[in-house]
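Q: Pulled the feature table from TrEMBL, pasting it below:
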TRANSMEM  12-30  transmembrane segment
TRANSMEM  42-64  transmembrane segment
TRANSMEM  76-100  transmembrane segment
TRANSMEM  120-142  transmembrane segment
TRANSMEM  162-183  transmembrane segment
TRANSMEM  203-221  transmembrane segment
TRANSMEM  233-257  transmembrane segment
TRANSMEM  277-297  transmembrane segment
TRANSMEM  332-354  transmembrane segment
TRANSMEM  360-377  transmembrane segment
TRANSMEM  389-410  transmembrane segment
TRANSMEM  416-434  transmembrane segment
Amino acid sequence: EEAIFLRKKITLLRAFSLLIGSMVGSGIFISPKGVLKNSGSVGFSLVVWFACGLLSMFGALCYAELGTRITKSGGHYIYILETLGPLPSFLFLWAEFFAIRPANSAVVSLAFGRYMLEPFFAPCAAPVPAVKLVSLLGYYMVLTLNSWSVTWSARLQTALSIVKLLALALIIVPGMMLLAQGHTKNFQDAFDRQSLVLDKLPLAFYAGMFAYSGWFQTSFVREELVRPERNIPLAVIVSVITVIVGYMLTNISYYTVLGMQDVLASPAVAVSFVQRAFKSLISVVPVLVALSCFGTMNGGIFTFSRTLFVASREGQWPPLFSMIHIRRHTPLPAVMLMFPLVTAMVCIGDIYHLMNFFSFSRWLFIGLATLGLIVHRHRHPELHSPFKVPLFIPISFTIICLFTVAMSFYSDPVNISIGCTMVLSGFPVYYLIIHRQMSKPISEDFLWTKLSAFFSPLSDYLTRKLQVLLEVVQQEIKTY
């Protein structure tokens, strides 16, 4: 009885919660080990953490301007499509669906499972099969919620954002108390140059940037934001500053209590911290950390489903995934599509290998998106943007992203080569299907005519059946 479209239900508070809830997740509880391992010392690891925060702020400001210039949802995908063209945007979509997003979701899910089970098995490590089972159960719960209601997903994100900040406070406060009492021995000789290996620094940055990742989440839901021209920049600036301060204090607390070798040996740094500093909370903090990861999973599913939704609407993904549930007003097919790949990666994956695997592709395309901002400014100087950053910010951010991506081939050639191969495998798919369909009339291409005659009826039949089964229809009102 009412029009079917995605409602504007994301207020400033919910946008802030989405960003905080996506950034403060498994990263700050996993990444300290990866940053320290690849930076070589406590001092350099803190420098990397601050540099990653500053770099995230640069990227967030660039995306805030892109979000006021380009009024569609879809995040990286739509920005690359509108500024650099259909080929790089499809390669991003291809890599995002088959590599970046499922690997990212698997990392967060595995962290959720590990911390959820930690109190039951301490001081021993939780069994790997049990961790993976709990990880999948948590992911499926979030998947179900996002299929059910946009409002309840947003409310959950707001509540879990408070839980995340509480979890950080429970680490920061006792650490700062001990530091004030003079526990500074772990900071002696903090900048040991002998242990610094320059070719490993890109991997340290990948681990740090993974912890900050999430500053771009409002760009994925731009069409569902209330007053986006005002709320995107405001939410981005406040949330990133909050997270930078929180992360720096959290890492200082870690190093106040745990030595360098303790951090490197710990499978769950936050749990090791509590065991050493605050034993009365030994069963509370892991649960808070697990809930924090749960919120990150929720934010990831909420936003990536919009990328698939927009890509389908732009003609680069099957049409079923641009449909909305007739009663729930959620992009149900797009939400459900990640289910099999994330399940597979959780079952076979290891956290740190997965992190390097998807980081190459993610930062390559984020660098291309900010390069697109420079291109868009040059092509459309007449376009008035309510929010504009100095030109040196997108230039600096783009150069750092692409340089880090190039350097990572020396740091971890195997995983980076796999990620590169995943991106390049999208080329034949694009030219055989997307480009051929968009550029040449079907009547002029004999092979395409034959293939279409065979596959189109089958595809249409399956789409109709799934549409009836899932109770979904195309969006009826243009929201951009």
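Every residue, even glycine, has its Cβ placed from backbone N, Cα and C.
Unlike curated records, TrEMBL annotations are generated automatically.
The structure displayed is predicted, hence computed values, not measured ones.
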Q: Between 76-100, 120-142, 203-221, 233-257, 360-377, who has the most Cβ pairs under 8 Å to the transmembrane segment (12-30)?
A: 203-221
Q: Return yes if the transmembrane segment (416-434) and the transmembrane segment (203-221) have at least 3 CB pairs under 8 Å (sequence gap of 6 or more), otherwise no.
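A: By the criterion, they do not touch.
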Q: If we call contact 3 or more Cβ pairs under 8 Å (sequence gap 6 or more), are the transmembrane segment (203-221) and the transmembrane segment (162-183) touching?
A: no
Q: Return yes if the transmembrane segment (76-100) and the transmembrane segment (360-377) have at least 3 CB pairs under 8 Å (sequence gap of 6 or more), otherwise no.
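A: Result for the transmembrane segment (76-100) with the transmembrane segment (360-377) is yes.
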Q: Let me spell it out: take the transmembrane segment (42-64), skip the flanking residues so only those 6+ beyond its ends count, and list any with a Cβ under 8 Å from a Cβ in it.
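A: Same-chain contacts beyond the flanks: 32, 35-36, 75, 79, 186-187, 190-192, 196, 201, 204-205, 208-209, 211-212, 215-216, 218-219, 232-233, 236-237, 240-241, 243-244, 247-248, 251-252, 255, 260, 366, 369-370, 373, 387, 389, 393-394, 396-397, 400-401.
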Q: Under a Cβ pair cut-off of under 8 Å, which of the recorded stretches 120-142, 233-257, 360-377 contacts the transmembrane segment (389-410) most often?
A: 360-377
Q: Take the transmembrane segment (360-377) and find every residue of the same chain, 6 or more past its ends, with a Cβ under 8 Å from one of its Cβ atoms.
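A: 59, 62-63, 65-66, 69-70, 76, 79-80, 82-84, 88, 91-92, 95-96, 99-100, 104, 206, 209, 213, 216, 383, 391, 394-395, 397-398, 401-402, 404-405, 408, 415-416, 419-420, 422-423.
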